[in-house]
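These come from TrEMBL:
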- 1-21: signal peptide (SIGNAL)
- 22-81: domain 'Sushi' (DOMAIN)
- Cys24-Cys67: disulfide bond (DISULFID)
- 120-183: domain 'Sushi' (DOMAIN)
- Cys122-Cys165: disulfide bond (DISULFID)
- 236-258: transmembrane segment (TRANSMEM)
Amino acid sequence: MEPRLLTWGLLTFIMVPGHLTEDCDQDPPVINYATYKALTYKNGTMVYCNCKKNFRRIKNGAIYLMCSGNSSWTNKCQCVSTSPRSIRESVTPQPEEHKGKNTTAMQSQTQPVDMVNLPDDCLEPPPWKHEAENRTYHFKVGQTVHYQCIQGYQAIQRGPAISICKMTCGEARWTRPRLTCIAESQLHLFAGQEDPLASTDALPESETSCPTTTTEFPEEMETATTMETPIFPSEYHVAVAGCVFLLVSILFLSGLTWQWRWKKNRRAI
């Protein structure tokens, strides 16, 4: 990445309002045979301008789109071919008709209409020409993603399966969605058994509680200290005394040897 683009991106990230919200550095949880999708995006969410194979971002172009609230995305992603023939090709977003079809279709599948238009949130940004197959998001705390089983699998739990990025014990964490996807051919094995795996797949309450080991840690340390105090100093004192005695003995013997040699040499003279 060019240093100038990196510097520009960092300055934009710091100066644009709304970026004081905590970041969700980790990706949402992965559920077997399921995909997740955000229906609206929190203010400050970024979508990186990734291009498909044999294409790249234009020189000095935007690195990411940014949700600035009220379904408004700042910047514009533009991709150009890496081949010499079309290296100068400038790309603009696709027509409005195509934009609306893509975004509305995804929203209508998993979310009621009254939940779509939330204040200060953004809808899915429109696609851009030569966009990569998969998008890369940088979420903010408070973001909600919705899960659904892939084709050929069905959920054995009832109700929506969501994961929310929350601040827990000073760290941004995603809650565990309540979802288990089973192959349609095996659904008969779970007939009459609602949420058989809920105890392992859905633990949102336990994740919001901070570890209790921090409160017990001082007591454990105090107990360990009181138990080791009578032992450690005695062993330490014995070792130190032994070393001191050995050193004194060596010095004393060295002194005697030197004195004996000095007297012997003096007699010889």
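In case you wondered, yes, glycine gets a Cβ from its N, Cα and C as well.
Those TrEMBL annotations? Automatic predictions, nothing curated.
Bear in mind that the values here come from a model prediction, so they are computed numbers and not experimental data.
Recorded features from TrEMBL, shown on the structure.
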residue : record         : DSSP class
Cys24   : disulfide bond : coil
Cys67   : disulfide bond : strand
Cys122  : disulfide bond : strand
Cys165  : disulfide bond : strand
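Summarised as a single figure, the pLDDT of the domain 'Sushi' (22-81) averages 93.
Sequence-distant contacts (6 or more apart, same chain, Cβ under 8 Å) of Cys67 (disulfide bond) comprise Tyr41, Lys42, Asn43, Gly44, Thr45, Met46, Trp73, Asp121, Cys122.
Shown in sequence order, Cys24, Pro28, Phe139, Lys140, Val141, Gly142, Gln143, Thr144, Ala172, Arg173, Trp174 are the residues of the chain, 6+ apart in sequence, with a C-beta less than 8 angstroms from the C-beta of Cys165 (disulfide bond). Taking the Cβ of Cys24 (disulfide bond) as centre and 10 Å as the limit, one finds 23 other Cβ atoms among all the protein chains shown.
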